[in-house]
């Protein structure tokens with residue numbers, strides 16, 4: 001069981017802030033008692049302050065900081081011991097306090113010099129750890145503070161010391177300590193003025209440095225007789241430093257003093273304005289009030305004033321330059337893509353609009369080429385987004401190499417690029433550039449994972465005269481989808497008919513959304529027949545949509561939209577569940593002795609990529625009680641090849657459930673024996689395009705024979721799609737085809753219209 005002072009990992013928990021404030025409150029109370037109280041209480045008060053401070057410097061860093069962060073406070077602790085040593089020397093050896101000074105009085109003064117050096121090193125380490133030295137404005141402001149304190153030290157201490165009739169060497173040494181304090185103040189001022197929050201520990205550290213400067217300055221002024229200050233007050237200031245410096249380590253915010261802070265360009269804060277104002281006004285007022293001295297001292301005083309003015313001017317100039325640079329960076333970020341550094345959509349619109357203003361006068365044709373990388377998602381899915389970003393940068397570089405200096409290459413999002421060019425209309429530069437880009441982008445890209453091959457679909461839109469940028473981008477985008485729909489790795493020119501197609505597509509998509517909830521979707525079933533016996537073997541489930549507004553919509557029109565928008569995932573799940581329930585109902589109607597039927601359901605690309613497909617199929621089997629072998633799932637070749645490793649993982653999981661997997665439209669895609677051998681499929685469906693002329697000595701007959709021989713050799717069954725004539729059926733039967741479907745046996749229809757198939761075990765062609 002760990003104590004409340006420790007965390008669950010066994011590391012001591014940080015000290016509560018109240019301990020720091022208690023130390024400050026009690027410590028400053030003892031300092032006040034020392035300064036104004038009776039003489040007999042001074043020694044106990046000093047002893048308590050010093051003991052508490054040194055104890056805090058021992059304990060607090062271990063509680064609040066990690067081992068690697070305690071270095072600055074170790075240096076401060078060592079400096080504290082040196083100060084204590086100097087006090088003990090003065091207390092034990094009275095001759096070190098002799099007046100006039102002798103050689104012994106130099107001993108304690110010499111001892112404390114390393115303490116100042118240790119404090120300077122500690123502050124420098126904090127600057128480096130906090131990265132405050134990287135903040136140029138803070139560095140300049142801290143130097144201004146140092147110059148102001150140096151001016152005051154010179155005017156009130158150094159000059160009077162030099163003008164004194166008799167000056168001892170000890171007084172000269174004492175006058176040097178405030179100068180050292182000025183350097184320390186520059187360090188702590190930079191800590192305060194640099195980026196990051198100013199936590200209580202920071203203010204305590206700064207206050208300690210100010211107390212030490214004030215004590216050393218008053219001590220030196222008193223030593224040369226310029227001020228009459230009680231010695232107890234000066235020692236009290238030294239004691240306050242012994243309170244505030246350890247308190248900065250006790251407060252848990254001391255962690256921020258060793259944590260890197262981001263350098264952010266900001267407007268001048270109120271604190272900085274006050275600092276700069278005091279830096280300028282105080283030395284000016286002092287110069288006007290103090291009497292003239294010797295030429296040398298007045299020149300140095302004037303030189304310090306000049307340095308202050310130059311420092312302020314430098315600060316203002318650098319602040320203005322920083323603002324200009326920040327505005328330039330902000331502007332570039334607003335108009336350029338962060339990944340590729342290409343212009344973005346905003347700059348594209350500005351440029352095209354500017355070109356449009358002069359297009360009519362100069363008889364220019366403004367052309368946009370809208371590029372979309374084909375199957376870019378496969379790169380991201382297979383190798384990760386880092387490689388995808390690498391590919392985008394490589395594409396950006398290759399595009400930039402192919403255009404003229406006056407053309408504009410932009411990335412407007414994802415894997416979409418736009419090239420804008422203005423040229424005389426008769427040159428037809430857009431078409432020639434599109435042809436060239438298709439060739440260039442088809443060349444392999446040498447990436448960190450090896451050579452990656454992609455292609456692009458390009459849409460071209462042109463406008464002569466005033467061109468609205470957004471309309472041109474939209475038109476080029478529309479043409480790009482036309483190119484992608486025609487088979488990818490191609491370009492298409494925009495024409496006004498495409499606008500009508502886009503409008504119709506948008507209308508169709510809007511109507512499709514919610515069609516499932518409105519019960520507008522239905523499942524039709526097409527018989528799949530054993531070709532040898534003409535017995536019913538099962539059905540293929542096909543989705544149909546009847547819209548009250550649009551009427552019956554062909555699957556080839558709404559299925560691609562559902563696929564692109566992702567609606568196919570929900571619609572496909574509904575199709576799977578409805579099909580399974582219907583087959584269970586038909587099986588019940590046919591009775592236990594009838595031939596076991598199957599239902600074949602298409603799986604879209606989006607569904608295959610969806611991680612919940614396996615869970616969905618398992619739930620449907622459990623909920624409906626359908627035997628797994630009665631469920632066939634059809635997948636296309638292209639959906640598998642887009643990411644074969646991910647597809648294999650899903651297909652193997654489905655196969656483990658006991659369902660039968662089918663390759664649909666075999667022959668229209670990759671048609672590779674090597675990949676077919678890797679897939680856990682049991683059925684191959686030959687596309688209808690190969691069946692249309694069989695039995696007529698058509699050119700496809702050798703291909704169909706080869707597919708049948710190949711698949712049977714692999715132990716797979718074959719379904720021939722699109723059988724429409726008896727001649728086709730007979731030819732396929734002679735070649736040993738297993739199953740067929742098509743209009744020869746019947747179109748896909750509602751379950752209520754398929755009763756005759758359910759009630760008989762065999763059928764003849766109709």
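Just so it is clear, glycine is given a Cβ too, placed from its N, Cα and C backbone atoms.
Record features (TrEMBL):
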{"type": "TRANSMEM", "residues": "19-37", "note": "transmembrane segment"}
{"type": "TRANSMEM", "residues": "73-93", "note": "transmembrane segment"}
{"type": "TRANSMEM", "residues": "105-126", "note": "transmembrane segment"}
{"type": "TRANSMEM", "residues": "138-157", "note": "transmembrane segment"}
{"type": "TRANSMEM", "residues": "169-189", "note": "transmembrane segment"}
{"type": "TRANSMEM", "residues": "201-221", "note": "transmembrane segment"}
{"type": "TRANSMEM", "residues": "233-250", "note": "transmembrane segment"}
{"type": "TRANSMEM", "residues": "271-293", "note": "transmembrane segment"}
{"type": "DOMAIN", "residues": "364-496", "note": "domain 'GGDEF'"}
{"type": "DOMAIN", "residues": "505-762", "note": "domain 'EAL'"}
Result, the transmembrane segment (201-221) in contact with the transmembrane segment (105-126) (3+ CB pairs under 8 Å): no
Residues from the same chain, set at least six apart from the ends of the transmembrane segment (73-93), whose C-beta lies under 8 A from its own: 50, 53-54, 57-58, 60-61, 65, 104, 107-109, 111-112, 114-116, 118-119, 121-122, 125, 238, 242, 245-246, 249, 254
Mean predicted confidence [pLDDT] for the domain 'EAL' (505-762): 90
For the domain 'GGDEF' (364-496), the number of residues DSSP places in helix, strand and coil: 60 helix, 45 strand, 28 coil
